[in-house]
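Taken verbatim from Swiss-Prot:
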type: DISULFID; residues: 92-179; note: disulfide bond
type: DISULFID; residues: 117-175; note: disulfide bond
type: DISULFID; residues: 121-171; note: disulfide bond
type: DISULFID; residues: 130-157; note: disulfide bond
type: DISULFID; residues: 132-146; note: disulfide bond
type: TOPO_DOM; residues: 1-245; note: topological domain 'Extracellular'
type: TRANSMEM; residues: 246-273; note: transmembrane segment
C-alpha cells in the first residue's frame, strides 16, 4: 500500500507547520503487518518513505529511505532550492514543455522531473520496438500493456532495450534538468521503540485501537514510530548568474575602445608636434 500525506490535490487543503522542531512535525505510528507479506516476493520488512514537493510524482522505489520496525525514527528536514539560468546559459527546462518526450505522468497532475522524463522516454522506446508498454509505467495514448498472449516476445525485447547503452543515452540527452528545483536534506536518527518498560501498555493500547472486535496482538516486529519535521525554517538557495551579459560586454568593449582610441590620438598629436 502507498499513502501520500499533504498531497494538496483535488481541492485538499495543505497543512503547514507552525514552527521548526520535533514537536511541530508529523508524528505517526505505522503497522507494516508482516503476516500479510508474500514469501519470495518481499524479503525486506520496513516502511519506505520519500519527501517530495507537492505536484511532483514520488518515485519511491528509486529515491525512498527505509524505516525499521521496532524503532522510533526521527527525520529532520532542510530544504535546498536551486535555480539554473535558462538558455542560452544552460539547457534546463522551465516546465518540460520544450522536451520532445510526452510526460506519461501528467495524467496524475504532477510536474516535470528528470525521473518522469526518463521513464516516459523508456516507455516510448518500449512501445516503438516491442509494440507494447512496460507494465510498471503509465500507459501511452493508444498503447496496451505487454502480456504473454498478445506479445509473446516482449520479455527479451524489454531486456534488449534495457541493456542497450544507446537507448539510455538517447533518453539522458533529451531529458534536461528543471530550471527550478528543490531537494530535501534529511538527518536521520533512530532509537528502540517502545522501551522495555513501556512496551506492555503500548502494545495493549495499539492492539485495541487496531481492532476492538478481533483478538489482534501488535508486537515489535510490525510497528514503528515516525517523526518528520523541519530542522529550521531557513532554506539554502543556490542560484546561477552570468559572469558577463550583453550590457556588460558592450560596456567593456566601449571602455576599451575609448581608452585605446584616446591613447592613439594622443600619440599621433605628439608625433605631429
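Residue numbering: from 1, along the chain as shown.
Cβ atoms here come from the backbone N, Cα and C positions, even for glycine.
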Cβ neighbours within the same chain of residue 130 (disulfide bond) - under 8 Å, at least six residues apart: 146, 151, 153, 154, 157, 158, 161
Which listed residue (117, 132, 157, 179) has most other Cβ within 10 Å, given these are disulfide-bonded residues: 117
For the topological domain 'Extracellular' (1-245), mean pLDDT (0 to 100): 86
Spatial neighbours of residue 92 (disulfide bond) among the disulfide-bonded residues 117, 121, 132, 171, 175 [C-alpha, 10 Å]: 175
Cα proximity to residue 171 (disulfide bond), best match among disulfide-bonded residues 117, 132, 179: 117
By Cα-Cα distance, the member of disulfide-bonded residues 117, 121, 132 nearest residue 179 (disulfide bond): 117
Among 92, 121 [disulfide-bonded residues], residue with fewest other Cβ within 10 Å: 92
Neighbour count (Cβ, 10 Å) for residue 171 (disulfide bond): 18
Rounded inter-Cα distance in Å - residue 132 (disulfide bond), residue 121 (disulfide bond): 14
Three-state secondary structure, residue 121 (disulfide bond) (per DSSP): helix
Nonlocal residues around residue 175 (disulfide bond), in sequence order (Cβ under 8 Å, 6 or more apart): 99, 101, 114, 117, 118, 121
Reduced DSSP assignment, residue 175 (disulfide bond): coil
